[in-house]
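**Q** For 6-25, 355-378, 398-418, 478-511, 518-540, 574-596, the entry in TrEMBL reads transmembrane segment.
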């Protein structure tokens, strides 16, 4: 095995990629099915008739929003109270660590308005949530109108066994974060918010609605939540079942399902859909207001109305009936959704890939690290021989500093990458003609690039202690470190772990001090976390069929970095600390091995 480990590594790597690409082939996937018995049938009669009234309410909401220049709190309170709900408000404020240039905000203040429809046939220990964000401009007015009209319709029904909370949140995810923290009496992000005066029962499920047109052509289901969390698959199955029943065109990742799976175009379409889900999940950011519910073990998704050039048309009445049917089924739940999958990938709404199918792809990549570690262990266990056949004791016993110093300096660089960009933004703005956001991003890039000087700093501290056995010990530690890191990441967020494995496993396999320096350094930089993010930005735009120029891609790349830092500060996304504190230092160890003297 020691002599053939290179060929075995190549075979495992190719097999891992081939396995992953084969997951989108329909015969290798599973058809979706309902696991929860309480939601096993769609035999409910949807009677919601008030689509035109919902659109009229939406136009009225838009007029009041334009009049007050923001969230029309007083109008919402009066309107919800007139519909028979218990109405409450919550004010909140948050100062961002640096301005969000994408949404042009820094000091955020707002108000959430929510109404509770109390369950007439139960002890009010459980609840469901229907939310609609109050967006800027003319966006999402129809969703708020439909939410209010559904509240009035639901109020006249007697079969509800759970409280239903109708929430209109301001400032999208920030408002939703404030409301969820207030509802659960937690404060994990340091936001200021007023305590909630009214509460329902324990929230079992939630849907967030986004509609910005009177007529839509399809409904898109958004699943990816904070840190790659996904809702229980039964919530997806429920949405798909009612779309099939009512005749609504439904999509995932904005792509219609194709039936010609056995053709090249059908397979390519499924791969694109699955890869979009992988990239979104790997980002770790919530892709809708539903994404913050998942951290509280509340199954949630966002339903987004799409108005495109497709010939199919769906009106507000049909969407209302779809939501009515879904909430009537969720109303039947006797316990939280738990019988179906929480870890899956979806090449289409009718097929899914379970964790038991996609984990072998990661396992084939991870086994390369274990084989490489075993090979290094065998080499270290065999002391090098001198010319007269005597073991060279000096070479077989590397100094502690030869391993400890690179580890300490690498992680110190990672700590600097994590802490200094935000702390030094004011100093950077004073000395350079940049904004606060640009200062944060450029400081992070500067620290990241400065880490390339690590080998010189390390060898200056080592003062000549580097040995042939020393780099093998360091690489053994680095390979095992990377194996544990990628394994733990893949268990929490498979997509992120797999993407990192694709780029970092080849680095761990081939890097030694004896390979050509210039070519290997170039490859190492290309496969670094920063370049992986850059390639992912361009690849994501291509998958969305929205290609951009290289200059626009660089600007988007810088924006993605700033959003990653903001998502960590505002919502607790773990991708930025994971990359800066663990993945980047681990990559620096391999960079150090390449330049070992």
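Including glycine, each Cβ sits where the backbone N, Cα and C put it.
Context for these features, please: burial, neighbours, distances.
**A** Among residues of the same chain six or more beyond the transmembrane segment (355-378), those with a C-beta under 8 A of the stretch's C-beta atoms are 1-2, 5, 8-9, 12-13, 15-17, 19-20, 23, 28-30, 341, 343-345, 472, 475-476, 479-480, 482-483, 486-487, 490, 494, 497-498, 501-502, 505, 508-509.
For the transmembrane segment (478-511), same-chain residues at least 6 beyond its ends with a Cβ under 8 Å from one of its own Cβ atoms are 6, 9, 13, 16-17, 20, 227-228, 277-279, 281-282, 284, 343, 345, 355, 358-359, 361-362, 365-366, 368-370, 372-373, 376, 520, 523-524, 527-529, 532, 536, 575, 578, 582-583, 586-587, 589-590, 593-594.
Counting residues 6+ beyond its ends, the transmembrane segment (574-596) has Cβ neighbours under 8 Å at 227, 282-285, 406-407, 409-411, 413-415, 417-418, 448, 451-452, 454-456, 458, 466, 470-471, 474-475, 477-478, 481-482, 485, 489, 496, 500, 504, 507-508, 511-513, 515, 517, 520-521, 524, 528-529, 564-565, 567-568 in the same chain.
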